[in-house]
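Working notes for the structure below.
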Amino acid sequence: MRTVHSLKELRTILRGYRQQGKTIGLVPTMGNLHEGHISLVRKAAEASDIVVTSIFVNPMQFGANEDLDTYPRTLVEDQEKLAAAGNTLVFAPGVEEIYPEGLANQTKVVVPEVSEGHCGASRPGHFEGVATVVTMLFNMVQPDIAVFGEKDFQQLAVIRKLARDLMIPVEVIGAPTVREDDGLAKSSRNGYLSEQERGIAPVVFRTLRHTADQLAQGRTDYSILEQEARDALSEAGLRPDYFNIVNSLTLKPASKDDRELTLLVAAFLGTTRLIDNLSITR
C-alpha cells in the first residue's frame, strides 16, 4: 500500500493502473478510522481492482463552533488498518493541496432540496462543504465506484444527486451501518463520549427501533410518533436535534401513502452530536 499527499502523485499512479485496465474504487474519509470505515474499504475491494481511500479533514464542512481543531488526526494508525483491509492507495492531502486559494475563493457545489432540512438545517453550510470536496475527489480520482456509509443517510442522498445531476460517471454505493453490540452506530465521534454517556448512547438506536415497530403496526400519526421519540431521547438524558420520519427517496416528510420510510435522528449527548437512521418498507 502506498500513501501520497499530492494530486500530481495521485494522478500519475492512477494513470498507470488505468493503462493496465484496472477499475478504481474510492472511499472518502476524514480519518480516525473505525470498523465502519473498514467495511467500506472491503466493499470497495469487492467491486473494484484498486481501492483509493482519501483521508482529509475537510474544513469547509465544519461550522464555526464545531470540532475541526479537535477532530482526531491518526494517520499512522489509519494506514495500518487500511493495509490490513486490502486498501491499495491512501490519498492524504493537506488543506493547501485541496484549497490552494483558500476557502473564501473556492468554487462551491450546492445540491438543492435533498441537502435542506435535517442536518442541513442544523449545520448550515455543511453539505455545501461535503458536496464540494466529494465533487473534487471524484474529479481527482475519477473512480468507477465510490462507497459511502448509510449511517450518514442524508449525505449519501446528497452525493447520489450531485453525481446524477453533474453527470459524473461514478457508481455511488451505499454500505450498511456498522454497529456496536448494543446497537450504537460506530462513529469517530463516539470517542468523545464519557463512560457514563457511552452507557446512555444506545437509546438512540432503541428509539429508532421502537418507532419502526410502531410504524410496522400501522401507525401513521407521524408527528405524534416523532414527538414521542424526542421525548424518549430527552428522558434518557439526550438533547434531541431532530427526529424525522421521511420518504426514503426524497427525504421530505412522509405521507400516509409512502411505503419506503426512513427515520432520521440527531441528538446531543453532552457535547457530542450523535446521528443515526433506520429504513423500513411498509
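A Cβ is built for glycine as well, from the same backbone N, Cα and C atoms used for every other residue.
Of all Cβ atoms in the shown protein chains, 26 besides its own fall within 10 Å of the Cβ of HIS37 (active site, proton donor). The active site, proton donor annotation in Swiss-Prot covers HIS37.
Annotation comment: Swiss-Prot describes 30-37, 149-152, VAL178, 186-189 as ATP binding site. Long-range Cβ neighbours of LEU33 (ATP binding site) (same chain, at least 6 residues apart, Cβ-Cβ under 8 Å): THR74, GLU77, ASP78, LYS81, LEU82, SER188.
Positions annotated as beta-alanine binding site by Swiss-Prot, on the basis of sequence analysis: GLN61. Around the Cβ of GLN61 (beta-alanine binding site), 21 further Cβ atoms fall within 10 Å across all displayed protein chains. The secondary structure of GLN61 (beta-alanine binding site), as reduced to three states from DSSP, is helical.
If you look up Swiss-Prot, you'll see GLN61, GLN155 marked as (R)-pantoate binding site, on the strength of sequence analysis. Proximity of GLN155 ((R)-pantoate binding site) to non-local residues of its own chain (separation of 6 or more, Cβ distance below 8 Å) is seen for CYS119, PHE127, VAL130, PHE148, given in sequence order. When secondary structure is read from DSSP and collapsed to three states, GLN155 ((R)-pantoate binding site) falls in the helix class.
For the pair formed by MET30 (ATP binding site) and GLN61 (beta-alanine binding site), distance between Cα atoms is given as 11 Å, rounded to the nearest Å.
Shown in sequence order, HIS34, GLU35, GLY36, SER39, GLY149, LYS151, ALA185, LYS186 are the residues of the chain, 6+ apart in sequence, with a C-beta less than 8 angstroms from the C-beta of VAL178 (ATP binding site). When the Cα atoms are compared, GLN61 (beta-alanine binding site) and GLU150 (ATP binding site) turn out to be 18 Å apart.
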